[in-house]
Every structure is written in C-alpha cells, then in structure tokens.
Amino acid sequence: MENRWQVMIVWQVDRMRIRTWNSLVKHHMYVSRRAKGWFYRHHYESRHPKVSSEVHIPLEDDSKLVIITYWGLHTGERDWHLGHGVSIEWRQKRYRTQVDPDLADQLIHLRYFDCFSESAIRNAILGHRVSPRCNYQAGHNKVGSLQYLALTALITPKKIKPPLPSVRKLVEDRWNNPQKTKGHRGSHTMNGH
C-alpha cells in the first residue's frame, strides 16, 4: 500500500507568539473565566509527536474550533521560521475543515463575547438601551458604518488586561511588515544624517 498524503494549512509563527497565545488562553480559562468551556490539551496528552498544544473552543450546534500548535516542522525560507506553526480547524461531528484566522476570530466573537454591534445603531435610535462596548475587537474585520463609528467614538471601549486571545494576532506576519519610524524626522540612517 502506498503512502497517502494529507495536506493541511499550517501558519508559520515564531515560538514566542505561541507561548503568548497559550498563556492568554490559560489566563482567560482559569483566572478571568471569560473562556468558559474551552479545553486546553498539553503536548504530552497528544499522540502526535509534532503537536505542542491544542485549544478546543466549543461553538454552536455540536461544532468546535480547534487551534493546534506544532513544533519540529521543517524550517521556512526565513531565518526566524524555526519550525513552529499553527493550524485552525472547524469541526462538527466527523466533518472537519480548515478556516482562516479572521473567520476563527469571528466565530469566537459571535459565541463568547458581548458586542456593541451594528444592531446597536438601530436600538440606540429607537431609544433602547444598548451594550456600550465590544469585549473582543479582533472579531471585527471590517470598518463599520458612519453611525457605528460615531457611536463607538462616543463610547470608547474598555481595554481588558491581559487582552483576549486572538487567532489573527497569533498568525500575523510581523516580520515582513516594514518597520514604522517614530517622530516627524524619520529614520536617521535612511536620511543619510
């Protein structure tokens, strides 16, 4: 019998991002209790040698989101791709599919966190009381309408310390982004001074 390959998307991330993600998940599971029902599986509980951790996040209707972090993978093209990665799966019974970080954040947002959403505009106009803030800003991936922006400017969201774990933040590529210069003078080395 020949080998059967299964291809899956694994986002390359650095080791420190995975450590930060795991500590945020554990904090909100055990200390702040904002992540009720989440399940954390350690590397020694997994049968796969490359799995470093798993986070199971239950959603609606028997479905769940599973974020698996890996170690010991082949290194990437860049020096900082040291063989660490993340896969994001949506599971319902025996069906599994992979999702991107934005969709994962939206699914978490819809299920777990209070939101000052688009429906708040209509309720505020009608004079109903609305939830004044969104506790999970990572779940919003688009710019809202002008009314929504006006309401959010009027009522500023409260910052939660430590922040809630965001899948998009976990897999973002901060290495390939150009570095921002500070101040109005710009970078001295680039200006030739």
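For all residues, glycine too, the Cβ spot is worked out from N, Cα and C.
What Swiss-Prot says about this protein:
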type    : residues                       : note
REGION  : 40-44                          : region 'Interaction with host APOBEC3G'
REGION  : 76-115                         : region 'RNA-binding'
BINDING : HIS109, CYS115, CYS134, HIS140 : Zn(2+) binding site
MOTIF   : 109-140                        : motif 'HCCH motif'
MOD_RES : SER145                         : phosphoserine
REGION  : 152-181                        : region 'SOCS box-like'
MOD_RES : SER166                         : phosphoserine
REGION  : 173-193                        : region 'Disordered'
| field | Positions on the same chain near the region 'Interaction with host APOBEC3G' (40-44), where near means CB under 8 A and six or more residues out | value | 22, 25-26, 29, 51-56, 71
| request: Within 10 Å of the Cβ of HIS109 (Zn(2+) binding site), how many other Cβ atoms can you find? Include all protein chains, please. | output: 22
| query | According to DSSP, which of helix, strand or coil covers HIS109 (Zn(2+) binding site)? | reply | helix
| note | Per DSSP, the region 'Interaction with host APOBEC3G' (40-44) contains 2 helix, 3 strand, 0 coil
